[in-house]
Structures are given as C-alpha cells and as structure tokens.
Amino acid sequence: MPDMLTLWTDIKALFEENNSKTAYATWIETAKPIALDGNKLTLELPSPLHRDYWTHQHLDQQLVEYAYQAAHEDIQPVLILENERQQQATLKAKTAPVAAGEPVEPTPTFMKETALNSRYTFDTFVIGKGNQMAHAAALVVSEEPGVMYNPLFFYGGVGLGKTHLMHAIGNKMLEDRPDTKVKYVTSEAFTNDFINAIQTRTQEQFRQEYRNVDLLLVDDIQFFANKEGTQEEFFHTFNALYDDGKQIVLTSDRLPNEIPKLQDRLVSRFAWGLSVDITPPDLETRIAILRNKADADQIDIPDDTLSYIAGQIDSNVRELEGALARVQAYSQLMHQPIATDLAAEALKSLNLANASDAVTIPVIQDRVAKYFDVSLKDLKGKKRKKAIVMPRQIAMYLSRELTEASLPRIGNEFGGKDHTTVIHAYDKITESLKTDPQLQKDIDSLKDDLRR
C-alpha cells in the first residue's frame, strides 16, 4: 500500500477528474489527511458544513472507489473536524486488539446494505426543459416498476440530476411499498463487490445479494468499459432480474453504444427499455434550483443574488449547489449577510468569468458558418450540396470534440437530425483527416479560433 500522502494525492486526482471545478475546490481540496491506520484513512474537514456535504453527496463512497482504483485497497474514510482530533485519538486508544491467533471470518463487503439518500426525492427535484421527460419516466417507473420502461436508462453530463432521479425512484417505491427490496450501487462498487466475491469464494452470496431485489439501481455504468469479467457477471444479473419482472435503472454519461468496449449484448439489452437524455438547465431552472436548495438549507439569500449565481454557472446542478454552499461558507467566515457583492467575492477565485466563454454548439455553428461562408440556416438544414454538407459535418465533428454534448443533443442542434447522422459525420471527418491536409488545416484554424 502507498503511504498516506501518495494515496491521498492519487485519490484527489480522481476526484478532480470526476467533479466540477467548483465542487473540487470547495469540498475536496479543503480536506486534510491526518492518518492512515490499516485500511482507515482519516480526513480532517474544516467545518460541519463540509462533513454534511461529504455525507449527503456520497463523497465518502466515491473515495472508497477511487482508493481502490489508485491502490487496489479497500480504504474506508473517517471524517473528523479539527476539534475532534483528541476524541479520535482517545477512541483509538480504547479500541481493544483482536486476540492473537483468533480466526477472523471474512465478510464480503457486498453484504452491507446500500442506503438511498433520503434527500433525493421527487419533491426536491426541480423540473425544467432539460429534464422533464426524464422526470416523467422516473415517476412512471416508481409507480409501475418492471412494466413500461425496463431498463430505464438516464444519460447526460456530470451533475445534471441522474443520480437524484435514481434515488427518487427508490425512495418513492419504498414509501409506497415498504417491503420493496431496493439495491443502489455504483458500477465501480459492483465491480469491487464482484472481485471481493471471487477472492472470498462467495460468488453465490454475491448473486443472491444482487438478484434477490425488486429494484436495482446502477450508477455510472460507463465504468464497465474494458471490464470483461464484470460485464459477463452483470449480463447474467440483468437477465435474471429482467426475466423475473424486476425493475432496472441505469445511468451513464453517454449512450450505451458510445461506451467503449461494452459488449454488444449489453448494449442491446440496455436498449430494450427507454433511454432519456438529461441536458444542462436553462437560466430559469437554475434560479429555481438555487431557491429550492436555499430554502431547504434555510439560507437567507436575496433573489438578485440567486440570479447572479445562476448567471455565473450554466454547466450543471452540482456546480450550482457547490457555488451556493461556497457563498454560504464565505458569509459565515466573514460574519456578513449574503448579498450579490459578497457572492461575487466568494466566487472570484473560481474564475467563473471564463465560463461564459466556454465553447458551445451555437458558437461552433456560428464560427464554422462564417469560416466557410454559408448561412446558419443552411448549416443546420437539409441541403445536400457539397459546399454545405462538408461544413455541416465539420461543425458536428467539432461539437463532438469540443463540447460534452451527447449525440442526440448535437443532432437536435442541427435541425433535429438523428444521432446516427452525427456519428456518420464524425467518422467521415475523422477518416478524411488522415489523408486531407487542407481539411486538417481548416480544423486546426477553427479550433484555434474557438479556443481564443
């Protein structure tokens, strides 16, 4: 096992890669490693607010997964505040060691019950244009599991509400039918459980744990990529549940057919139900999300300040809520009421001013249209002239390369075209770049222009 600082550095790198800049700067970078005792990593957090966030947003569970990726060790986090250090030391001193020679029965980690986040409900979910279809489908599944949309597959960028809806389904089913057996797990946790079952020779218990449920929720299944053994096991788990009429809900950052090295038979089964795209919230929805969060956390904040924060961040809900929490923490530290000026000061170090300059599909369309001297109407239209088709394909290629938009969303921005059209355009440009130096020059010029 690596030493504490090396382990924490590796874990932080994975946190930074998989979380927004705001969330990382506010919640992860402020954590301080204190001790690595066996498989327990003690982290000191600066405030109770931070510890609540780590728990409610499942950062502790993410840490377990990232530690396994970094060191192939089952590391469990212990979250303490600075004034609890002495209490932690006392507790450690009172812990009696296991008697020498006494056999310890290995307990597979998958036997531990996975709890849903009680705060993730349909009541606390803010509906907007980008998620209303996903919300409607989730509600249907929670009321009639295993009937209409099975599996239900949510896909979209980080922090847009996929996990919230997944938990909301589980919470609603448990509210309506308390005897419902619900299992929520991330794909990495599923993989770790599977590996643990092999190592402890408890494969049968593993299968009972995952197949004897009424609702299986699996988050971030894109991490099944390149894991042949895990995919094989999940294939049989999926079949067992589906054949028994049990509901399956999955999330990913992309469509199943876009996940590299995902078995065709899994791609096919994931398509049996309904796949729903969740897109970033518009301004009105972002303001509503912030107001909802402020009311839930009893934060006294003016409407104009909420509008200011919503105007600064347009990427995802997680980053929005992270910004609000940062403003709240800054207000408490400065002993000042929250106002727009204070919010601007609190968010200044995040360089959010650059967020408005981020590359978007409309910006790409505008630059490509001007570069090739075609109209936006033609670029997004159906004309098949070569002088228009090539710029259109280049714009689709750049949209795929420079934004996090899904294939259906890109197609929608180009006059409602099917996602297969986007795939064809991307593949066409990718192939042409290998033999066409002028095309390479055009692409490079456009990329330079878009990144300035």
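Counting starts with 1 at the first residue shown.
Any Cβ shown, glycine's included, is placed from N, Cα and C.
What Swiss-Prot records for GLY159, GLY161, LYS162, THR163 is ATP binding site. Long-range C-beta contacts of THR163 (ATP binding site), restricted to its own chain and to partners at least six residues apart, with a cutoff below 8 Å, comprise TYR120, ASP219, THR251. Secondary structure at THR163 (ATP binding site), taken from DSSP and collapsed to helix, strand or coil, is helix.
Sequence annotations record features per position, and here Swiss-Prot assigns region 'Domain I, interacts with DnaA modulators' to 1-72 based on sequence analysis.
Taken from Swiss-Prot, the feature region 'Domain II' applies to 72-114.
Residues or ranges marked as region 'Domain III, AAA+ region' by Swiss-Prot on the basis of sequence analysis: 115-331.
Taken from Swiss-Prot, the feature region 'Domain IV, binds dsDNA' covers 332-452, and the record attributes it to sequence analysis. The average pLDDT for the region 'Domain IV, binds dsDNA' (332-452) in the predicted structure is 84.
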C-beta crowding around GLY159 (ATP binding site), within 10 angstroms:
22
Beyond the listed site residues GLY159, GLY161, LYS162, THR163, identify every same-chain residue whose Cβ lies within 8 Å of the center of their Cβ atoms for the ATP site.
PHE154, GLY156, VAL158, LEU160, HIS164, LEU165, THR251, ILE278, ASN316, VAL317, ARG318
Just counting, how many other CB atoms are there within 10 A of the CB of LYS162 (ATP binding site)?
26
